[in-house]
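A.B. asks: Structure incoming, see below.
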Amino acid sequence: MDSHSPIATVAQALRRAERILVITGAGLSADSGMPTYRGLGGLYNGRTEEGLPIEAALSGPMLRRDPALCWKYLAELGKACLAARPNAGHEAIAELQKHKPECWVLTQNIDGFHRQAGSPAERLIEIHGELAPLYCQSCGAESGGLEEHLHGQLPPRCAACGGVLRPPVVLFEEMLPEEAIDTLYRELRKGFDAVLVVGTTASFPYIVEPVLRTRQAGGFTAEVNPGVTDLSERVDVKMTGRALDIMPQVVSHIYR
């Protein structure tokens, strides 16, 4: 490989770095067969069968007002996640974390693929939550995994009190989880030597801020994306392509 190629440049920077933040979005899981979408989980674009914007169907207010409708689309989202698996991009990121004990992952994805690929939970910030375990909105009781509830009557109900179950995921019009935000900003205050943005359109402040902060502090920044994003001209190196193809090359170049 050309020692001046984007992949070689990123590999060299990551080899030197100790504190690393990898930010991932729907584009990473698209390579596992998950459709991309700029918001929740990457499943939909446009309107539902009922003529609603998907943001309205998969929202906190809709879950309260019409839980059956909200769960119709939560169930499709869940089935898509359960039918897919982590890909080589997830595995390469987990491998990087294994070698770099201060490498963190901040993900917008709710599919759990980083955990499945081996990323340590204590260095994984799931900013939009995850799809399991379900819990009761009324009494708070946990009710197991997602799969057992997807093929019965919707919305799924709590065995203890009959309340509507939900996953610990951030729906539209809901607040981001306080613990995840606190963890992110605690680590940001410590600073990062390098930030790598993988498969996200970077339209949220908590995606953009770590990149800008790190670059202003003299750190290294890079992006992996097949298209142009808001960050493409604001990072040190842009790697054009799929995370599935690029991330294994980056990590193997570090540890070859």
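Heads up, the Cβ atoms here are built off N, Cα and C, so glycines get one too.
Just lifted these from Swiss-Prot, have a look:
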DOMAIN    1-256  domain 'Deacetylase sirtuin-type'
BINDING   25-44, 108-111, 199-201, 225-227, Ala243  NAD(+) binding site
ACT_SITE  His128  active site, proton acceptor
BINDING   Cys136, Cys139, Cys158, Cys161  Zn(2+) binding site
A.B. asks: How many Å separate the Cα atoms of Cys136 (Zn(2+) binding site) and Gly33 (NAD(+) binding site)?
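C.D. replies: On Cα coordinates alone, these residues lie 30 Å apart.
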A.B. asks: Looking at the binding-site residues Cys136, Cys139, which sits with the largest number of other Cβ atoms within 10 Å of its Cβ?
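C.D. replies: Sorting the candidates by Cβ neighbours within 10 Å, the top entry is Cys136.
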A.B. asks: These are the binding-site residues: Cys158, Cys161. Which one scores highest on other Cβ atoms within 10 Å?
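C.D. replies: Of Cys158, Cys161, the one with the most crowded Cβ is Cys158.
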A.B. asks: Which one is it: of the binding-site residues Ser29, Gln108, which Cβ has the fewest other Cβ atoms within 10 Å in this structure?
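C.D. replies: So among Ser29, Gln108, the binding-site residues given, the one with the fewest Cβ atoms within 10 Å is Gln108.
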A.B. asks: Find the average pLDDT over the domain 'Deacetylase sirtuin-type' (1-256) in the predicted model and report it.
C.D. replies: 92
A.B. asks: Report the residues of the chain - excluding Cys136, Cys139, Cys158, Cys161 - with C-beta within 8 Å of the mean position of the site's C-beta atoms, for the recorded Zn(2+) site, in sequence order.
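C.D. replies: Neighbours found: Gln137, Ser138, Gly140, Ala141, Ser143, Ala159, Ala160, Gly162, Gly163, Leu165.
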A.B. asks: Between Gly199 (NAD(+) binding site) and His128 (active site, proton acceptor), find the distance joining the two CA atoms and give it rounded to the nearest Å.
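C.D. replies: About 15 Å separates the two Cα atoms.
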A.B. asks: I need the nearest neighbour of Gly33 (NAD(+) binding site) among the recorded positions His128, Cys158, Cys161, using C-alpha distances.
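C.D. replies: Result for Gly33 (NAD(+) binding site): the nearest of the recorded positions is His128.
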A.B. asks: Return the single residue from the binding-site residues list (Gly25, Gly33, Gly199, Pro226) that has the minimum number of other CB atoms within 10 Å.
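C.D. replies: So among Gly25, Gly33, Gly199, Pro226, the binding-site residues given, the one with the fewest Cβ atoms within 10 Å is Gly33.
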A.B. asks: What does DSSP call Ser29 (NAD(+) binding site) in the simple three-state scheme?
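C.D. replies: In the DSSP reduction, Ser29 (NAD(+) binding site) maps to helix.
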A.B. asks: In whole Å, how far is His128 (active site, proton acceptor) from Cys161 (Zn(2+) binding site) when you measure between their Cα atoms?
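C.D. replies: Checking the Cα atoms of Cys161 (Zn(2+) binding site) and His128 (active site, proton acceptor) gives a distance of 27 Å.
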A.B. asks: Let me know how many other Cβ atoms fall within 10 Å of the Cβ of the residue listed as 'active site, proton acceptor'.
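C.D. replies: There are 20 such Cβ atoms around the residue listed as 'active site, proton acceptor'.
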A.B. asks: I need the CA-to-CA distance for Ser29 (NAD(+) binding site) versus the residue listed as 'active site, proton acceptor', whole Å please.
C.D. replies: 14
A.B. asks: Whole-number answer please: how many Å between the C-alpha atoms of Pro226 (NAD(+) binding site) and the residue listed as 'active site, proton acceptor'?
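C.D. replies: Counting only the Cα atoms, the answer is 23 Å.
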